[in-house]
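Novice: Below is a structure I'd like to ask you about.
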């Protein structure tokens, strides 16, 4: 009886999670006439009707959206990893004055929610001439990230400093130590940061919406959002476009499930 | 290596991170404070001082303080979210068939794009849409209403969407914490005759206290900074305007940078106070970064 209640609750929850997605998936394959004539729970009559996907793909300039997202993602991730590991290396391996202050300034910054400062940040990005360039999103994704510095710092503690010393006795410079010893050993932490940061950037809406106004700069979120106006009544096209945006997430999740769970747990609790 | 070199060396490694931190976090916070005492429109070369006018407006004009009431819906919803997540994290920590499948299903919404989630629920809530059809199907047809158009229920619909989206995050955090409790503790408890409920109350809850309190912090700052769901789904209409939606409109559509900055300062102060209170109540003994 207890077991029955347990499985019933699990199945009920799964329905709550999956039903909203399934009905939109159905709608994506329906023709406009079929959409108007059938209820949302009715599956499409033709599962091979990809017209809506074709319309969404070309009208929404999805290829461009994916390309812009990929560029921003690649540059921001590489940058975050370099900036974060360098800072963690300095804090963990060097003794220097004001170290506690530096560390504290990272800690305090983690308390400031990004959305609160956007009004003032916008003026700074504007004065740098970066509004309406991909550079704006890139510097903001680099600059607002404190969690990755933490993850790198935590991980750096587990790399024994005796490794650095051995290399330096053999004549390696500090930078060589960083590049040849520390960076390769940091791979698990780098994977964690790449995953949580990658998901966050792929899904980010506010920053691209605010800074990348030109349609040529549209990322995946803003490309999808643009459907809201002109296609307001054509749900089958919006549905198809939504499915296109969700698909890469499904694939990445199925491939990297375990890494994602661990990454999220590490990212949120540190 | 000379002593002089040694001295600036660490700063070289820190420079990119510190530069970004100062430029995009500390300078904006400082500027925001400054702007909040002016009536700047973001374009003028000079900023007219406005004293406390902006702050007075935030607290007296209904349009501005109302957004706090809207946050209340999301805050209340986060209790529902934490309860659901805790329940499923506990049952999925023990032997269950298809455990990984259920874990995946529960967590998945958290990974979805916010705009996509907005569209999924716009579709669900539209008149004659999925929700109405399901309600009709199970004989509750008379309870259908304008889920997003009726100011009495619009915020509840949106807060429900937020629960759907973020339960997976709380769930995975709880799951990770529960699994870090050593298995022998349960075995010992079982030998002592403790049932599931006692194990939950006396082992699991104290064992994951830290993560539960972190979830409440995330819930408070999260419910104050809700943006995407109402912005995408209702555009802030029907009484669903949240703090950030209002600040966005004030700053970027009506160009009242001074007023929007005052709103942001108020929000920031609230978040900082809440965090401070939480740190007092639940001291974080595990922070040791060096």
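Here the Cβ of each residue, glycine as well, is placed from N, Cα and C on the backbone.
What TrEMBL says about a protein is an automatic prediction, not a curated fact.
Feature table excerpt (TrEMBL):
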DOMAIN    A:66-256  domain 'ABC transmembrane type-1'
TRANSMEM  A:7-29  transmembrane segment
TRANSMEM  A:66-89  transmembrane segment
TRANSMEM  A:101-125  transmembrane segment
TRANSMEM  A:131-153  transmembrane segment
TRANSMEM  A:189-212  transmembrane segment
TRANSMEM  A:232-256  transmembrane segment
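Surface or core, plus neighbours and distances: that's what I need for these features.
Specialist: Long-range Cβ contacts of the transmembrane segment (A:7-29) within its own chain (Cβ-Cβ under 8 Å, at least 6 residues beyond either end) map to 35, 40-44, 46-50, 52-53, 235-236, 239-240, 242-243, 246.
Non-local neighbours of the transmembrane segment (A:101-125) in the same chain are 91, 131, 136, 139-140, 144, 146-147, 149-150, 206, 210-211; each lies 6+ residues outside the stretch with a CB under 8 Å from one of its CB atoms.
Here the transmembrane segment (A:131-153) has Cβ contacts under 8 Å with residues 68, 71-72, 75-76, 79-81, 83-85, 87-88, 91-92, 106-107, 109-110, 114, 121-122, 125, 186, 189, 192-193, 196-197, 201, 204, 207-208, 211-214, 217, 219, 266-267, 270 of the same chain, all six or more residues outside its ends.
Same-chain residues lying 6 or more positions outside the transmembrane segment (A:189-212) and placing a CB less than 8 Å from one of its CB atoms are 68-69, 72-73, 76-77, 80-81, 84-85, 115, 118, 122, 125, 130-132, 134, 136-137, 140-141, 145, 147-148, 151-152, 154-156, 218-222, 225, 248-249, 256, 259-260, 262-264, 266-267.
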